[in-house]
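Notes for the one structure printed next.
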């Protein structure tokens with residue numbers, strides 16, 4: 001084993017590790033930037049690129065920089081390899097040789113921490129020391145061996161704790177919940193303006209409600225209290241499986257199912273929007289093996305969605321794949337919120353309270369058991385394969401020099417979304433309107449909960465936040481408080497479970 005492994009911290013070795021941007025030029029031609037990481041000792045690199053100095057690079061002789069150097073390093077950046085002696089010893093030798101900085105090539109494709117070695121003092125080190133990966137170092141070394149002029153510019157830009165791109169995630173999340181809530185109302189079949197045609201025969205409102213309920217029962221699935229608990233337990237089990245078995249094939253299977261769900265959601269949305277504009281477009285049918293008669297429009301939309309899914313799947317690791325993932329994800333969630341429904345606040349309370357503790361446990365408490373946050377680890381995906389779970393909305397960090405993405409999980413949209421969709425139905429069925437309704441308040445609460453999530457992210461210096469910690473009180477809490485104030489909580493709690501009165505079932509002729 002190498003002697004330069006990280007050692008316990010000692011006084012005088014208190015620098016924070018800095019992530020470093022390394023710009024390079026070979027014979028004056030600018031190459032691709034790469035990253036490095038500074039040691040806990042030595043000089044601190046500037047965060048502003050304008051304050052950094054472009055310097056030539058020289059290979060140390062000997063290459064390990066463990067003994068007096070014969071190469072001329074005055075005013076240059078020394079390039080060395082790790083091993084044979086301690087990090088501080090290498091830095092002291094390079095500094096004694098006149099180097100302006102020391103760059104160490106790691107023996108693997110990772111950046112290891114360079115701490116001080118016990119018994120040695122780094123106080124005399126005044127040059128910056130950083131480590132780069134094997135591939136980056138080998139490319140520089142190859143150019144130097146070929147007698148090419150190599151120059152480096154080293155600086156350590158700081159990442160903002162919260163990138164302003166979170167505003168786009170906020171808009172996507174709030175917009176998804178809003179569209180899913182009003183979707184069935186805006187796209188459903190319109191009545192034939194009977195309220196304006198007083199000469200037309202009126203059907204019983206109970207009969208109409210019965211027909212609507214029957215249709216809804218055929219197309220939707222009401223979540224029970226038991227189902228809510230089982231769902232959260234299943235989600236926890238699945239999360240643990242992902243954490244321990246995050247292999248490329250496992251994530252690949254998830255991605256395929258995500259594509260299928262996204263295709264179905266996109267198909268339903270596009271088909272519905274087209275038939276709203278053109279009723280005749282969905283009438284022509286064609287017989288398809290295994291499926292029977294299918295409308296030509298539906299088949300064409302399905303083929304289009306399939307092509308989009310295949311293109312995204314092939315290019316899912318590209319820098320622009322986040323856009324396709326977000327489109328599929330939003331379509332999938334809108335479709336799920338049309339199918340799955342909460343029947344009342346009683347079931348909503350059970351589901352959201354379970355989800356509340358589920359989110360807190362897997363973000364904040366799981367490190368006590370698994371040594372790291374399971375939720376954050378699963379969201380980041382596998383570093384080895386570059387694969388990540390697709391059940392996230394992502395948006396690039398626009399103001400972060402290191403790139404990366406802001407993310408929000410589907411659960412942070414679906415769980416509160418189920419409650420908000422129920423509240424929208426409740427308002428409509430009880431003619432609440434905007435002023436007396438609950439829906440505007442819950443949309444405000446959901447937006448406020450997301451804002452508080454990002455505020456918590458900022459206050460905790462970028463540590464991942466369980467969004468449901470803020471979203472549940474801001475949605476379910478507002479519903480309960482308004483229900484108590486308006487004295488409607490009992491109705492909300494037992495909604496849909498009360499038997500209709502005799503007068504509702506058999507209305508009088510005068511009615």
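Glycine is no exception: its Cβ is also placed from the backbone N, Cα and C atoms.
Curation plays no part in TrEMBL annotations; they are all automatic predictions.
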Would you please say which range out of 204-224, 225-245 has the annotation transmembrane segment in TrEMBL? 225-245
Give the range, chosen from 372-390, 467-485, that TrEMBL lists as transmembrane segment. 467-485
Given the ranges 144-167, 168-191, 192-215, which one is assigned the annotation region 'Disordered' in TrEMBL? 192-215
Of the ranges 110-130, 320-340, which one does TrEMBL flag as transmembrane segment? 320-340
Could you pull the average pLDDT for the domain 'PA' (55-140)? 82
Residues from the same chain, set at least six apart from the ends of the transmembrane segment (164-183), whose C-beta lies under 8 A from its own: 326, 330, 333-334, 337-338, 393, 395-399, 406-408, 412-413, 416-417, 420-421, 423-424, 439, 443, 446-447, 450-451, 454
Between the transmembrane segment (467-485) and the stretches 225-245, 320-340, 347-365, work out which stretch tops the count of Cβ pairs under 8 Å. 347-365
Using DSSP, what's the helix, strand and coil tally for the domain 'PA' (55-140)? 17 helix, 19 strand, 50 coil
If contact means at least 3 Cβ pairs within less than 8 Å, sequence distance 6 or more, would you call the transmembrane segment (320-340) and the transmembrane segment (347-365) in contact? no
Among 225-245, 251-274, 294-314, 402-426, 438-461, the stretch with the most Cβ pairs under 8 Å to the transmembrane segment (347-365) is 225-245
